[in-house]
Every structure is written in C-alpha cells, then in structure tokens.
Amino acid sequence: MARRSSFQSCQIISLFTFAVGVNICLGFTAHRIKRAEGWEEGPPTVLSDSPWTNISGSCKGRCFELQEAGPPDCRCDNLCKSYTSCCHDFDELCLKTARGWECTKDRCGEVRNEENACHCSEDCLARGDCCTNYQVVCKGESHWVDDDCEEIKAAECPAGFVRPPLIIFSVDGFRASYMKKGSKVMPNIEKLRSCGTHSPYMRPVYPTKTFPNLYTLATGLYPESHGIVGNSMYDPVFDATFHLRGREKFNHRWWGGQPLWITATKQGVKAGTFFWSVVIPHERRILTILQWLTLPDHERPSVYAFYSEQPDFSGHKYGPFGPEMTNPLREIDKIVGQLMDGLKQLKLHRCVNVIFVGDHGMEDVTCDRTEFLSNYLTNVDDITLVPGTLGRIRSKFSNNAKYDPKAIIANLTCKKPDQHFKPYLKQHLPKRLHYANNRRIEDIHLLVERRWHVARKPLDVYKKPSGKCFFQGDHGFDNKVNSMQTVFVGYGSTFKYKTKVPPFENIELYNVMCDLLGLKPAPNNGTHGSLNHLLRTNTFRPTMPEEVTRPNYPGIMYLQSDFDLGCTCDDKVEPKNKLDELNKRLHTKGSTEERHLLYGRPAVLYRTRYDILYHTDFESGYSEIFLMPLWTSYTVSKQAEVSSVPDHLTSCVRPDVRVSPSFSQNCLAYKNDKQMSYGFLFPPYLSSSPEAKYDAFLVTNMVPMYPAFKRVWNYFQRVLVKKYASERNGVNVISGPIFDYDYDGLHDTEDKIKQYVEGSSIPVPTHYYSIITSCLDFTQPADKCDGPLSVSSFILPHRPDNEESCNSSEDESKWVEELMKMHTARVRDIEHLTSLDFFRKTSRSYPEILTLKTYLHTYESEI
C-alpha cells in the first residue's frame, strides 16, 4: 500500500455530476484526455473551466465517436451536451427515438428508416443496429433471461477478440436489500446473481456518497487518498469549492489517483465511454455499447461502463421502502435485459464479463428527523457546515483566531440524552473509515445516527412551499450501517458459476477489473488477490511479503541487582528461592509457540530491533526501540477461568532478566506523570497458575495507558476475552500498540514518533489493537481448527478520556463493548498501522488469508 499523500497530486481525471439542476452525469471517453502543462506524468486535465460553444460541422457518421474532437471542431461524443460543444445536428442524428427501442411483430422486416431509434430490418444484424429484441420477436429466439443457467467454462468469443470485454453496469443508490425483491421485480438481475458470482452485499467507502464511491470504484483508493472526499468540499490551498452545481468540479486538480480507463489506455487497452450525459436515454447508452462491440478489432474497446441515476433518484424522493420503488427497479432490470439480449444477439453472451454494481445504499430519512447545531452552539453563523447525513464543520472566516475546533467539540459532546450525532476531531474518527488524511476533510466531523440529518439551524432545512419535506430517503452514513450496503454481481466466463462469496469493500474491485483485462493495477488501497475466489482462473497470484527484521532470542541472564524499576515486587516473593525458579521459567520455550502462535509469528516489515520472549501463557515480540511489545499473542480455551490478582501484585512490576535494563521501562516515569498509568498486553486475570501470574507482571508485558483507557482495556481483558472464548470454543488473541500521530493510517517511523513525543523515552501509543481469531465452525476448538477461520479485530483509540461514550460514568458493562464495536477494523488496517504481517503459517491458501484479513465484522443485522 503506497502512502496516501502520494495520490494527492499525481494522475488525474475529471468526473462530472448528474445532480438535479445540472445537465450532466459522470463521463469519460477513452481518448478524451489531453496532456496539461505543468504535470510530469499521467493523464492530464480534461476540460477547461469555461465551455466552448462552436457548433459548426455535422454529426453525420460521428454519433458517439470514441475520440473527442478538439476546438474549433464541434463534438459528437457522449459528453458534448455537458459542454455545449455538440454539432448543431447532434440531437437530430444521435438522439433519435422514433418508433421506440423495441421490435414488434409489425416491424419485422421493415424497410430501413434512418430516423428510427433502432432497426428491425433484415439487414440490421449485419449493420449492428438492431433493436435488442430483434431475434426474439422476428426470428423466434428466446430472451436471455428465459434460458437456463449455463456454466461458461471458457470464453466463447468471435475471432479478433484478444480478451473478453468487460462491461461495468453501475447503478446509483441500489440498496443491497432491494435484491430481496427477487425475480418477480428484477428477473434479469436475479438471473445474473443466481448464475454468476455474488456477495450478500458490498461495502461502500465512507462517506457513503456518490462521487467518493464512484471514484473509489474507478481507482481502488479511499476518498482521503484520491481527494474526492464528498459531493461538495472546500480546498484551503486552492481556496476553491467543489460542488455539484459549479464548474470547479471540471478542474483536473481535484482528482487524484489513476482510474481504470487510464490504467487501460496506458497499457495499450482501449477503453470505451465510462460515463454519460444525463440527457442520453438509458436505451441509447445500451445500444451504443452494443454498436461499439461490433467495431473493427483495432477500434473496439475492451472495457465499457453503463451508469444509471436510478434507483437513487426515486430512493431520495420516496424512501427505500416506498411502494413507488418497484417501478424504478423494474426499469433498471429492463435495461439489464436489453443489454443481455443484445449480447446474445451478437453472440457475445458467452464472451463478455459483466459486473453489476452499486455505489451505496439508501436509508429512510425525512426533514422531521434533523438535529440543529443552533440548539448546541451560540455562534452557528460563524461556522460553515456541510450538512445532511454527516456533518463537516469549518470556520466561515479564514484566519479566524477565535475558531477553536476543540472548544466546538466540547460544546457538542454528550449535551443531550437523545442526541443523534457524535462529534469527532477527524483524527479521532474510527480508523476503519480512513477519513482524516486530507486537507479537504475539515477538522470537525459529525457522525450522524442512521435515519437522521444535521443542519445549522431550522432555516437551513429546505422544504416545499406546502411545508412538506421534499425527500424521504438519503445516504452518507457510516459505511458499516446495513442500509448503506450495496450490490455486487459478477457474471461471465471469468467469474465463477453459481457462487456466493463473503461481503467485501469496494476498494477491492479495481484490482479485480484489472485482472479481468490483463492489466497491472496502479498503486491503490485494495489488497490484490483478496478477491481471487470470485474468479474461475487467476492471473495474479499474491505472495507473502518478505520479513525485513528477524527477531533476537535472548540468551543472556541479567542480574536481578542490575534493575531499578522503581516499582518491583520481587521482595514480596516467598520463599526467596522461588524468585530464581520464576526467572528460570522465562527461558523455557516448550510448546509455547505452538500453543500461542497458532498462525505463525508475525513478521516485522521495517528495520528495527526486537526480541522473542516466551512465557507459559503468552508470547511477545518485544521492541528494544519502543520499550514495549510490538505484539503479544495468547490462546484462551473455552474452559479458561478468570482469576483474581493477589494484593501484593496489584501495583508493582517485575524486571525481566532476559532484557537489558537499558531496554526496560521504568516506573518512575509513570510516578512523575499523574496523567499516565500502565497496563498489560497479556491479562494477568487469565494466568493458568499462580506461578504463571508472575510472568504477566513482567516489565516487558507493560505498556503506557491513560487511566481512562485502562477501564476499557481491563474490561476487555477481564470480561470480553473470556466471553468470546466461551462463545467461540476458544480464541487466539494478538494485541499491541499503534503509533499513528500523523493520522495517515500507516505505521509511524521511529523518527516520526520522536517528533511527537520529544523528551520522553517511552512513546505513548495513539491506539491499541487486538485481533481475535477462532474457528468459523464453533464446534472445533481454536487450537485444533482445520477449516475456515473467523476473525474480529479492533483498533481502540488511546485517549485520556472516555467522552466518546456518553454513558462512560456508568459501569463498563453498559458501554465498553459498544465502543469496541464502533472501532471494529480489518486485520489489514492493523497491518498498515503497525507494519506487521499476520497469519503467516496456516494450512489455508494465501488468497484465503488475504480474504480473512480484509474482512470487517460490522456487528450489524443481516441485510
């Protein structure tokens, strides 16, 4: 994974809006890109800030040409309407609708009429312009949807096709639960799903808005990486605002990363139109794609995309549960049927790969459920709020010395018992959101409760003159919320037959699309190979990363007298010779590794120094640089008991004679800092014997912790670990510190950490992680699992207060587990934040392990 900052100003492409009041939708044509001055590499700018309007010339023979005509010539491509640059006869020649989009019995064998939208004449097959149902109505063939499922074991393409073409059929606002309507409403989509490869849902990126997610699908990047952090945004360096109704969105400087069509063209693979002007009917878009598929070999693109503004438009208007949603879904399905019938008519239905995919879901939302910041703040006129299903706050006035994000956060935190949003400084947002490392993301962020909106004040809520709300649905919420999930279906010769796969995140699709086209992906946030199980054959075979630093295995026994920790309790060990026995135990490897490192030793992927420390109940990789473990691993059986801690061990720490005193923490640092305490990575409560309990109080098991965070950590170790072990027939737990002071989602180097903890020998982690693994089949114990694994991971923010949980004054049982669920994470997120590599020694294939690493336990109900 490349550092996100590298994507901020590299390869670019414009993406265009389709919002109400703007006469365009997302669009790109393969040869549209022209090199801009001042850029060293990559596809430079598309379009200037001002449209040109020369309309001289004609579209005769040029409708939907793949190459954009440059000034002073007029244009006939799919986006000329958006830039008022079409030839004068574009509508007349290219947007024909006469006699509709289908053949009827009375049209079969008709005399060709060039005014018709599509043809039913005897020569239409040869000319590639038949209506998509021509062979069904006029030749007695069956509709594609009426044919039985067939397993396409190899692509059956006409001569001249170098690779199976890829068609991406993207639908806006398609909530995953819409698929439950089944074949009665969507027979064509249901057939794609049942005959091909599908997931119960696909997770969008946050925010669950259209622009960020469509561009993520195209690039494999998080919004903080590609720069499109919302449908509207302000860039403080540009001092400019990007929004749906303005022309600034046409400026190339907003768009980072390398989208699929540029990846294709840079590697010699032709790409067709990805986006369409909204005035072009869906049927015309399908017919155009089908006509492009009949082009000569040297002109024919290998990748195409169709985009539908539905069902998003209707979902906003009627809400996701409105009975009015049935017709828009039927219309989308009808278009899918036209595509598949058209492919069958061209004998390409066993050749082409089709991806049917959404950008986000839809939730039931109305004006009546709106939180107003004026009920919390007295100065709402001094702030700018990006409102709606999430809130982003900045000062209305630049260089406002009185603007204090922390003070605003304090005034918005836990002020009402029925508060429907939670304020965060962006660096404190759950790491799984990947929504902090971009200057366009404001310092203050409001996570809004599902089904609610946030606005500055009542006057900011737009209603109809009648006073009624003009919308019943919206999206943008936390991307783990089930209503925000969307659809994924893959169908064709390269996808598996009748296969259901686990849910995944849309950052992974870019790599899959590259694999389908035989392309090498540009750097992206996906994990290449994690979706290999979708495909019949895999062109990319991932390999495990090489270990950079191998550990030391301490052999020297330091003298007890060498240590002055300032908190030792060894003088309380009775009898005195027992101390020697306890220390000798520390050099006994025994079966520790087999018992506590069930999936192999984590690899360190950067240069450092660390030691492997064995104990009866756990194993650690101890950092000589950070003076704490990088990881600690232990296995807890279903039968494990939670025991109490003896009084004489509650406030002391033992020296570890295997580690030099100079590489050991000192308790005096904690005694001198009343704001800091310490905790343990292996929980003393789970020690298997009184002797083993002494190992848990070794200084090498100690980590710095704020007293407030210790409440979270102790409850997790004392109660939740045992709970999970009981529920899952045993678990393996790996925990450790995270350092992400610059909140870029990547491991901080030693030099970077020193910048933030100057003057301290013990760096304070920004987060702590925990990876909890068991057998997916709970009838098998964790340490004897021979089937698929199940994993739950957490990245817990290490903060000096628990104000994120408004009921943190209550018993931990009332709030800690909910806090942890909010900060659920993928193993892959933890790997990026620690530069560690987990699960290196298992009987599972490496792609299967990558699938496990990219899984997110959402703790949401079923879709």
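From the backbone N, Cα and C atoms, a Cβ is placed for every residue, glycine too.
Note that the structure is a prediction, hence the values are computed from the model and not measured.
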According to Swiss-Prot, Asp312, His316 bind Zn(2+) 2; identify which of His119, His143, His453, His475 is listed for that same site. His475
Which one is it, Cys25, Cys806, that Swiss-Prot ties to Cys414 with a disulfide? Cys806
Identity of the 1-tetradecanoyl-sn-glycerol 3-phosphate-site residue among Thr210, Thr294, Thr494, Thr499 (reference: Asn231, Asp312, His475, source: Swiss-Prot): Thr210
Looking at 38-59, 60-81, 566-587, 830-851, which one does Swiss-Prot call region 'Required for secretion'? 830-851
Cβ-centroid neighbours of Ca(2+) site Asp740, Asp742, Asp744, Leu746, Asp748, 8 Å, sequence order: Asn437, Phe739, Tyr741, Tyr743, Gly745, His747, Lys752, Leu833
Can you give me the Cα-Cα distance between Asp748 (Ca(2+) binding site) and Asp312 (1-hexadecanoyl-sn-glycero-3-phosphate binding site) in Å, rounded to a whole number? 40
For Thr210 (1-hexadecanoyl-sn-glycero-3-phosphate binding site), the same-chain residues 6+ apart in sequence with C-beta under 8 angstroms from its C-beta are Asp172, Gly173, Asn231, Asp312, Asp359, His360
Composition by DSSP (helix, strand, coil) of residues within the domain 'SMB 2' (99-143): 13 helix, 3 strand, 29 coil
Can you figure out which of His475, Asn525, Leu746 (the recorded positions) comes closest in space to Asn411 (N-linked glycosylation site), comparing Cα atoms? His475
Highest Cβ count within 10 Å among the binding-site residues Asp312, Asp742, Asp744: which residue is it? Asp312
Which residues, sitting 6 or more apart from Asn807 (N-linked glycosylation site) on the same chain, put a CB under 8 Å from its CB? Lys814, Trp815
Around the 1-hexadecanoyl-sn-glycero-3-phosphate site recorded as Thr210, Asn231, Asp312, His475, what other same-chain residues have a C-beta within 8 angstroms of the site's C-beta center? Asp172, Gly173, Thr208, Lys209, Phe211, Asn213, Asp359, His360, Gly476
